[in-house]
Structures are given as C-alpha cells and as structure tokens.
Amino acid sequence: MTDLKKAAQRAIELMDLTTLNDDDTDQKVIDLCHKAVTPAGNTAAICIYPRFIPIARKTLDELGAEDIQIATVTNFPHGNDDIAIAVLETRAAVAYGADEVDVVFPYRALMEGNETVGYELVKACKEACGEVLLKVIIESGVLADPVLIRRASELSIEAGADFIKTSTGKVPVNATLEAAEIMLTVISEKNTKVGFKPAGGVRDAAQAAEFLGVAERILGADWVSPRTFRFGASSLLNSLLHTLELADAPKRTQGY
C-alpha cells in the first residue's frame, strides 16, 4: 500500500463524518450513517445536529455499527458568551444520547480581551458532559492571531476539554497547518491526553497526510488514534475512497 493510500485509510478511521446544514433532514442523516459504514471500514464518528441523534442511533444500531460514535454541536456556530445557554444545550445533547459534544468557544469575547468567559463556559460544559467527550471549537480561522489561537487552546485545556478543534466549518478560513502546529504544540506542553480535530478544508489524502505529519512530528507516531485525533469533514470521505480505488472520483464541491 502506498503512503497516500495508508494516509487515506487512516483518515477514514479518524473521521467525524459531518452534516451540519440548515436543510438537514432525517433522511439525510440516515444516508450519512450509511456512508459512515465504508468499504474501508467505519468512520470514527458522525457529527450532526442534536435533534437528529435519535434517528442516527436507530440507524447505526440497524447497521450493526454501534462502534461509530455520535457527535453533536452546541453553542454553534457563533460561539456566544452566554454560559447558561451553552450549558443547557450541552445537557440537552447528552440527554439526546450524544457520545461526544463539540462546543464552540466564545472566541469573539477572547478577541475583545475577555479570557474568563471562555474558561468558565468550557468548564461548565465539561461538567454537564460528565463522561461524554467534550471537543472545544476555537474557530482558529477567525482568531487568526497565533497568540489568540494559543490562548484559546490553553484555556480550553485548562478548563477540561477532551479535544481542541480548529473550526466550525461555517467561516471562510477553517483548518490550516499553521493553526494545527500551534494547537498541537499546546497539547504537547499542557496535556498529551487531549485530542486534536482539524475541521473543514481538508479535501484529500495528501492534505490529510500533512495534518497527520504535523501531529506525529510534535507528539509522536504512537499518539495518533481515534481517541486523540479526528478529521471533521463531509466531502473528504469520497476523495479518500477514490484514493483507495473504492469509489469514483468525487465531484468538486464547496462542502465542509
């Protein structure tokens, strides 16, 4: 197997296959669950809006794919600074049966100089999650400044995040190698049990390999696993399956 095919295989096993569109329906989520069961193995998770968790759970059970985790989003996509609402949304997501919650850090508050609200919001949402995995989306493409990307990562980890994630996929700049370098370096300094999720903008096996390479250089080859590394993506899967000669070439899309 070529290096590119190896990267494609790994990226599928590390993928949060995502649909977070305003026009999502039960049927689209059912279709997503079927796509997550690929000829190259199951994706690590699917990521959907909270209201679709019950139908996703039913579908995955019917497919015998109980190993696929169900992730959802809260405080999404704008990263508001109302802690009470973020906590209520997170509690509701857990009650729906989410295995993982991706919460948006109040990044605009941080840009305005308020570090406290981000820390407190993540801390409260982690308490609401209990054993459910909490991924914190820092929206690195909007923060832009390396100092802010680093600080959002530090605050999230200090507050109890299980993962730090680059992006919502709802802004012009999503996952970049530069942001990955900063975020993975913070993980190496503060807590190597914390995971990293580049989301949006990873289009093919070659790009996936670049992100995996940064993680391995900073944290070691043994660090990367579904417990510590995920790709958030929708259009990436077809490209990876094409690389593995298991699907036709994907049509060019503007997808996440």
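Note: Cβ is positioned from N, Cα and C throughout, glycine not excepted.
If you look up Swiss-Prot, you'll see ASP102 (among others) marked as active site, proton donor/acceptor. Cβ neighbour count for ASP102 (active site, proton donor/acceptor): 29 (other Cβ atoms within 10 Å of its Cβ, all protein chains included). When secondary structure is read from DSSP and collapsed to three states, ASP102 (active site, proton donor/acceptor) falls in the strand class.
If you look up Swiss-Prot, you'll see LYS165 marked as active site, schiff-base intermediate with acetaldehyde. Long-range Cβ proximity for LYS165 (active site, schiff-base intermediate with acetaldehyde), meaning a same-chain Cβ under 8 A and a gap of 6 or more residues, is found for ASP102, LYS135, VAL136, ILE137, ILE138, PHE196, LYS197, PRO198, ALA199, ARG230, GLY232. Secondary structure from DSSP puts LYS165 (active site, schiff-base intermediate with acetaldehyde) in a beta strand.
The active site, proton donor/acceptor annotation in Swiss-Prot covers LYS197 (among others). In the three-state DSSP assignment, the secondary structure recorded for LYS197 (active site, proton donor/acceptor) is strand. Around the Cβ of LYS197 (active site, proton donor/acceptor), the number of neighbouring Cβ atoms within 10 Å comes to 26.
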